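All remarks here apply to the structure that follows.
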Amino acid sequence: MTRKLVVIGAGMASGRMLEHLFDQAPGQWDVTLFNAEPRGNYNRLMLSPVLSGDKTYDQIVTHDTDWYLAQGVTCRFGEAVVGIDRGARIVHGARGPVEYDALVIATGSAPFIIPLPGHKLPGVVAYRDLEDTNAMIEASRPGATAVVIGGGLLGLEAAAGMAARGAEVTVIHLMGHLMERQLDPAAGYLLQRDLEKRGIRIHCKGATKAILGTDRVEAVLLEDGTTYPADLVCMAVGIRPETRLANDAGLEVARGITVDDQMRTSDPAIFALGECVEHDGQLFGLVAPLYDQAKVLAATLAGTPAAFMPLQTATKLKVTGCDLFSAGDFAEGPGREDIVFRDPGRGIYKRLILEGDRLIGAVMYGDTADGPWFFDKIRSGADITADRDTLIFGPAFAGGAQADPLAAVAALPPEAEICGCNGVCKGTIVTAIQGGAATLDAVRGLTKASASCGTCTGLVEQVMALTLGDGFAANANPPMCKCTDHTHEDVRRLIKSMGLKTIPAVMQDLGWKTVGGCASCRPALNYYLIADWPLEYRDDRQSRFVNERNHANIQKDGTYSVVPRMWGGVTTSAELRAIADAVDRYAVPMIKVTGGQRIDLLGVRKEDLPAIWSDFNQAGMVSGHAYAKGLRTVKTCVGTDFCRFGTQDSTGLGIRLEKLLWGSWTPAKVKLGVSGCPRNCAEATCKDIGVVCVDSGFQISVAGAAGMDVRETVPLLTVETEDEVCDVISAFVQLYREQARYLHRIYKWVDKVGLDWAREQVADPATRAGLIERFRLSQTIYQTDPWAEHAARPDEWAPVADLRLRAAE
Amino acid sequence: MSQLIDIAALEDIPPQGARVVRTPQGCVAVFRTADDRVFALDDRCPHKGGPLSEGIVHGTSVTCPLHNWVFDMATGQAQGADSGAVATHAVRVEGGRILLNHTVLAQRNTA
């Protein structure tokens, strides 16, 4: 007996379902198919190749009207369904009703449109159907500008497609890296780099504020004030299940239409499948589970027992030249372990996530050939203990012998190239070592191997270990931390030579061994990037040590000490009054004069910090940076103004130097002293940089210390004018900022590079001018009062919730 | 069936950062990792009482700001050569909100 089946929606899921149904139960159902789009079923996944011009619409049609007619389906295309009468089992179409014995709702999903100002302007499209695709194709003529909001799978495919047609495309993405639901930051970084190479501009951490335009879209404005011109805006921020019909019919709907394992809704005569359903709390956007649902529903309608079990899914991005693969669960978590493989030179990154003896996730970029093999291991839940050592190398190494890390290098013939930059082969390095080169520096000096970009340093060391055996001490200059094999010096050099401008970029291209670094390397990397790329880099607060993050010194009991700046140690009665008021207002338990001629307020509670800063700002005082790896104080004596021995205005010069240098971040703290005569009351000769004023001018000396080590400064240069003092010192500080290892104070750095070399740099007029210019540039960005910035947002400093009252209820 | 308390939106905590929740038994630090996982630990390092909420978050670990002890946020166990543990609390994210187990409000025995 033929029964009546009505299907609403001719998408990929319903197409596949009908195919299975006609195979399994031919003639059993009399089918009527509604579709709001005036056409049959096409492969929505292939819209990207249509957009980029690689395919035409005709090539992506899967079930056209002829196919449906051949199967005896009554097609009501271009007709919307206006309602479902469950009691009478009737579907009301715009052009008349149809009775059903069974109904399938396959309405898919609707693109999510953020209701930003301007979102209804002509020229704003989603990326969902052929109409959107055609609109983008039309707007993508060469020279046109387009903005894509959303750096997920769909947004990037839209961007790549329009860019391929010649449009100038910008992608705005709210999160810190692209495709964050499928990729970790390292893979996201590689993807961003590849997309940027093909001319697509990427703006991560970008919150869209408004879409601008009068008659049609003209530009997109971000919260941070950035504006991107746009002839077309594609909003690809997500989709949500299309549940309006089901809602109106009174079916149970959560985020999607609730279905059981047989795809049955809360009404036993009504089924649903595809992106509009919610099964066991889960929504579905990728095609594999939708096809599984189609199979289950066809079986159910044919009267065969079947149950839907959602399986892991894998993602691939359909952008030519960007090879990425992501499957399973890649988040870090308790009991989870990572195996990470990075080949920076080839732009390859692979990460496997293990839980116990099983593989649960895989993220790959650059080389995804083994993706299906890993995916199979994820789905099968196979025990991988035995293969763990070689797992990341994929099926080619599966079950092979344990790899000796040196074996691959040992097997290389003498003519194998080790250093690509300088064309140095293994034999040359071995000869140099046998000739007496026993350190990496010596090998570098003789052969130039690893002396340029340095990514082959590890290989060179392996050749040394093989040649020298136990005689090789690889750790003469230890690596930065356990996250990397590179030394601080190598990392600094490579950041500059390879143009690395973000922490994920450094970690990827330099082969970091951990996922997110550690508390030791992150602050160092943050500093190196600030110092090397003041204009491009954005400070990462979460990679700052607590004192710099909170702009105050943490004390043993978790309170903070606050030190306002006191230029050259000079203050006024108004400032002292403001300090006294703050002490009373915030019940500061201790006031102390520091060794650097300032006043320290000890024992301030964290939540009071924004208010006390605000008070000091209003009294004209700024942060003293007493917590900073940066310029701290310039200690002075009274000089010619009052002292009968003073030869110059040491107080005035100290204030001038402090105003020049404050706010600059440095590898470690920097303290200055300016003494008005050789009696040296400001103790300038045990500071990082000291100036002693004499009748003939100014003696500048450097590399003193009065901390763990006590050092007297050594003379750098003697100059005649205050202007020259300022020039020499800012050049010297910049040299230190650009060259030194994080946490090394000036004396340690000078011990390494040699004072003569440093003097040559700042004495040479051209080099000095370059250093001064770079320092000034950095100061235009970083010479700001951090207190002012944070005092404006006090909420972030208070506890996020207080449950003490709730407990009392 | 444990009762969960809505304490904040996920967005209230910066990625790789932490915020503090006051409870009758002292502060609880709620951490957010780079990939938006959330953990809750007592805000007191067992070594010298340092505020873990001010530490640097890396992966699923946090480093105490006072003396660099590192704790696995999932288990509360000190890592490396240090031994000791900090109490953890059940916490999860649902619909963008952070839900904390209510037992942090209950009187704990001083163990």
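For all residues, glycine too, the Cβ spot is worked out from N, Cα and C.
Annotated [4Fe-4S] cluster binding site per TrEMBL: A:Cys637, A:Cys643, A:Cys677, A:Cys681, in sequence order. Here the Cβ of A:Cys637 ([4Fe-4S] cluster binding site) has 25 other Cβ atoms within 10 Å, regardless of which shown protein chain they belong to. The secondary structure of A:Cys637 ([4Fe-4S] cluster binding site), as reduced to three states from DSSP, is coil rather than helix or strand.
Counting every protein chain shown, 18 other Cβ atoms lie within 10 Å of the Cβ of A:Cys681 ([4Fe-4S] cluster binding site). What TrEMBL records for A:Cys681 is siroheme binding site.
The feature domain 'FAD/NAD(P)-binding' is assigned by TrEMBL to A:4-277.
The feature domain 'NADH-rubredoxin oxidoreductase C-terminal' is assigned by TrEMBL to A:314-381.
If you look up TrEMBL, you'll see A:418-465 (among others) marked as domain 'BFD-like [2Fe-2S]-binding'.
Residue counts of the domain 'BFD-like [2Fe-2S]-binding' (A:480-530) by helix, strand and coil are 27 helix, 0 strand, 24 coil (DSSP-based). Annotated domain 'BFD-like [2Fe-2S]-binding' per TrEMBL: A:480-530 (among others), in sequence order.
TrEMBL lists A:555-617 with the feature domain 'Nitrite/Sulfite reductase ferredoxin-like'. The domain 'Nitrite/Sulfite reductase ferredoxin-like' (A:555-617): residue composition by secondary structure is 28 helix, 14 strand, 21 coil, according to DSSP.
The domain 'Nitrite/sulphite reductase 4Fe-4S' annotation in TrEMBL covers A:628-765.
Within 8 Å of the centroid of the Cβ atoms of A:Cys637, A:Cys643, A:Cys677, A:Cys681, where the record puts [4Fe-4S] cluster, the same chain has further Cβ atoms from A:Val638, A:Gly639, A:Phe645, A:Gly646, A:Ser650, A:Ser675, A:Gly676, A:Arg679, A:Asn680, A:Ala682. Against the domain 'FAD/NAD(P)-binding' (A:4-277), stretch A:314-381 shows more Cβ pairs under 8 Å than any other of A:314-381, A:480-530, A:555-617, A:628-765. For the binding-site residues listed here (A:Cys643, A:Cys677), the lowest count of other CB atoms within 10 A around the CB belongs to A:Cys643. The largest share of C-beta pairs under 8 angstroms with the domain 'NADH-rubredoxin oxidoreductase C-terminal' (A:314-381) comes from A:418-465, of the ranges A:418-465, A:555-617, A:628-765. In the domain 'BFD-like [2Fe-2S]-binding' (A:418-465), helix, strand and coil residues by DSSP number 26 helix, 4 strand, 18 coil.
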